[in-house]
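Here's the structure we're looking at; comments come further down.
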Amino acid sequence: MKLLEDRIRSDGEVLPGNVLKINSFLNHQVDPELMKKVGEEFSHLFKDSGITKVLTCEASGIAPGVMTAYELHVPLVFARKKKPATLNDAVYWADVYSYTKKVTNQICVEQKFLHKDDCLLIIDDFLANGEAVKGMINIANQAGAQIAGVGIVVAKTFQGGSKWIKDHGYHLEALAEIASLANNQVHFVGEK
Ligand code: G4P
Ligand code: NA
Ligand code: NA
């Protein structure tokens, strides 16, 4: 997605540890015009997949997730990282290992929001090692729901997540694919 790549080039900042900071339009401040276009793009890419719900993870998946769900005319469900006091016991849990923090956290979704007749589109802001996506797939499987595919705003293809998702037979679409962040430079897949 050209618009997104241009925005990453103009506003993105490469931090040590192969991290791309895009806090001005996605991970802290959010650009709703750009998120609307992200939603339109995912909706177009997955329009014939019979999606009944979009599944993402708080916090940064919610902006692209809700715009995608809006375009597809389906609800968005976001997995929570802490069990809220208002949540009852009927919850699906999954472990999510963080390579950056070397800790395992849990995500959860209340069982009543996912069913075996659901066909899910998993959306997330970043794809690195794929641990968050694996956790959402785990939760979808516990619910017996189908997975139509995985839509990622920014995929760092030099880390393991993209390969894992494709190797496991899932339809993966990434709107910006980063091949390298070496020398503080953003290199997109396929660019010269
Ligand atoms: P993984 O799920 O792909 O394995 O990612 P990893 O454990 O490496 O990353 C943990 C968190 O860091 C996730 O956010 C993920 O989206 C984010 N992240 C990974 N690589 C980058 C990057 O290059 N830039 C930015 N900005 N974020 C990255 P999270 O902890 O779930 O946070 P949030 O959703 O509340 O923002
Ligand atoms: Na995320
Ligand atoms: Na994030």
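Yeah, the Cβs are placed from backbone N, Cα and C, and that goes for glycine too.
The xanthine binding site feature in TrEMBL is assigned to Leu20, Asn27, Lys156. Taking Cβ-Cβ distances under 8 Å and a sequence gap of 6 or more within the same chain, the neighbours of Asn27 (xanthine binding site) are Lys21, Ser60, Asp125.
DSSP assigns Ala132 (5-phospho-alpha-D-ribose 1-diphosphate binding site) to a helix in the three-state reduction. TrEMBL lists Ala128, Asn129, Gly130, Glu131, Ala132 with the feature 5-phospho-alpha-D-ribose 1-diphosphate binding site.
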Fill in: Densest Cβ neighbourhood among Leu20, Ala128 (binding-site residues), 10 Å radius
Ala128
Worksheet entry | Longest CA-CA distance among Leu20, Asn27, Lys156, per record bound to xanthine, angstrom | 16
Response to the item:
Integer Å value for the Cα distance linking Leu20 (xanthine binding site) with Asn129 (5-phospho-alpha-D-ribose 1-diphosphate binding site) is 14
Item to complete: Count the other Cβ atoms sitting within 10 Å of the Cβ of Glu131 (5-phospho-alpha-D-ribose 1-diphosphate binding site), across every protein chain shown.
Response: 20
Worksheet item: Can you name the residues of this chain that are 6 or more positions from Lys156 (xanthine binding site) yet have a C-beta less than 8 Å from its C-beta?
Response: Asn18, Leu20, Phe126, Leu127, Ala128, Ser162, Ile178, Leu181
